[in-house]
Amino acid sequence: SVLCFSKREWKPLEDRSCTDIPWLLLFILFCIGMGFICGFSVATGAAARLVSGYDSYGNICGQKNAELEAIPNSGMDHTHRKYVFFLDPCNLDLINRKIKSVALCVAACPRQELKTISDVQKFAEMNGSALCSYDLKPSEYASSKAKGLCPKLPVPASAPIPFFHRCAPVNISCYAKFAEALITFVSDNSVLHRLISGVMTSKEIILGLCLLSLVLSMILMVIIRYISRILVWILTFLLILGSLGGTGVLWWLYAKQRKSPKETVIPDQPQVAEANLRALLIYAISATVFTVILFLVMLVMRKRVALTIALFHVAGKVFIHLPLLVFQPFWTFFALVLFWVYWIMTLLFLGTAGSAVQNEQGFVEFKMSGPLQYMWWYHVVGLIWISEFILACQQMTVAGAVVTYYFTRDKRNLPFTPILASVNRLIRYHLGTVAKGSFIITLVKIPRMILMYIHSQLKGKSRIHLISVLNAYTATAINSTNFCTSAKDAFVILVENALRVAAINTVGDFMLFLGKVLIVCSTGLAGVMLLNYQQDYTVWVLPLIIVCLFAFLVAHCFLSIYEMVVDVLFLCFAVDTKYNDGSPGREFYMDKVLMVSTSNALYCFKD
């Protein structure tokens, strides 16, 4: 069967037809189901309960309510009571992860701390906002009948949450304790407080470093585009310099703080200084080990530098002709954020949807029963499938644009905007193929989410799987065939060039990894310097981790586009060299410069 598939002729951009239409219809029906879930939750009042909030008797704040059968204090008119107030906001249910307190609708949140019941009474009389049970008048707050029906004293100062009408304490220390209970590895409760304090104190620096990582990623894309021939040497030199410099700086900071701790220690905070000193020692040792390992790996990879230069040169020319490729991560990220916001809002709607039922305390909760209670499973599958669909649209768009560039002999005849032309072909012909490919990835990811203990076994296979999917999209962009046919054709080509594929993936991934490491190291080093010399810093372990993670994600988003271009170019090159030999009537599609640089590099490596 493999021989049969290998004989099928590739016809780049000659014919164009719709592919995998049944899968497109299935995807549309699935999206209609997602819309039904959102509509159902809104129609059952979940949206109003989520945004406006509701009290412990099922009344939605800020509106008139219908009476609920056998539930006291239901059906009240809360038109002028727009905020949810909890009598004991710090009484947290750690098991169910919610506030275990009586909730009331009030006219205003107490902006200042109320220390005595007399203060609560004055607040009700002056602001018209009763903070005790509906059955009590303000004049009865100090009586014996008010026991257990008024808020726990002192009442903390609170403010309404924007868009969600809940009175939240201004001092969130009780919520920090809630987080501590969920983090089992924290033996000292003061540790989490210091970590949170470090993040809050350094929030401006964290934001600035995140923007720095974004700028560095875009600069690296410009470097790849214009100086691809010397990119490998630049990255190698900078990485060596950065590794040595970063390691040296960390050891220098450790030695400096160890010898003269009084200069940097904040009075009355010796534990903070000790924690930072330990963190510096761990960072310095880790950086040293990382630098040694990196040098050994680069020593082994040095003979493959020529191949990497050739691949980056070809991809660099693509970015010169298709500059809009650089902006693909922005559009994809924007689409994902819009969908994720919709998904989270619908999930929150589902959390307040259903019928009113009384719990063991006699208060109202909203729960769904019957088959409807499993709608959130459908919603979770939708999160994965639609997210993968958006990512697959990006892959198909990039593949289509690069294929158009490659198989256009005269580059002057390229479409005015190959990216938009690729998007047009995607929408007109290949949405079904994208839906099918993303569904296959969803089938792979769902078991990985359920069976997390085999994640390490699947992790090593994910890269090969994603390469196959991308090349299947590339084959669809070339031949306009359905997903299965395209996957088989791409598989045959990859098998015939197994050694080349191994070399390209190894070297290409390694060099792009070096770029990501360079951005993370540069951002992390800047973070160490800024956080170290900040006068009012506390523990800055967590801020530095946040910055480095964000820097890696940003670098990955940008360099993944370059990785896609390299993979698509190789498949195009393999098809071109298989069916053409440069003779009359079988001319190569690639220009001579690209042919010489690519074929020579691959030939040298093969030898």
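Easy rule for this one: first residue shown is 1, then count along the chain.
Each residue, glycine too, has its Cβ placed from N, Cα and C.
Copied over from TrEMBL:
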type: TRANSMEM; residues: 21-43; note: transmembrane segment
type: TRANSMEM; residues: 205-224; note: transmembrane segment
type: TRANSMEM; residues: 230-254; note: transmembrane segment
type: TRANSMEM; residues: 275-299; note: transmembrane segment
type: TRANSMEM; residues: 305-326; note: transmembrane segment
type: TRANSMEM; residues: 333-356; note: transmembrane segment
type: TRANSMEM; residues: 376-407; note: transmembrane segment
type: TRANSMEM; residues: 510-531; note: transmembrane segment
type: TRANSMEM; residues: 537-559; note: transmembrane segment
Beyond the flanks of the transmembrane segment (230-254) by 6 or more, those residues with Cβ under 8 Å of it: 223-224, 277, 280-281, 283-284, 287-288, 290-291, 294-295, 298, 305, 308-309, 312, 316, 511, 514-515, 517-518, 521-522, 524-525, 528-529, 532
Contact set, same chain, for the transmembrane segment (376-407): CB under 8 Å, 6 or more residues outside the stretch: 12-13, 27, 30-31, 33-34, 37, 318, 321-322, 325, 328, 331-332, 335-336, 339-340, 343, 346-347, 350, 414-415, 418-419, 421-423, 425-426, 430, 433-435, 437-439, 441-442, 445-446, 449, 469-470, 473-474, 476-478, 561, 564-565, 568-569, 572-573, 576, 589-590
Outside the transmembrane segment (21-43), six or more residues from its ends: residues with CB under 8 Å to it: 342, 346, 349-350, 352-353, 372, 375, 378-379, 382, 385-386, 389, 431-433, 435-436, 439, 483
Folded-back contacts onto the transmembrane segment (205-224), same chain, C-beta under 8 angstroms, at least six residues removed: 199, 231, 234, 312, 315-316, 319, 326, 515, 518-520, 522-523, 526-527, 530-531, 534, 543, 546-547, 550-551, 554-555, 557-559, 562
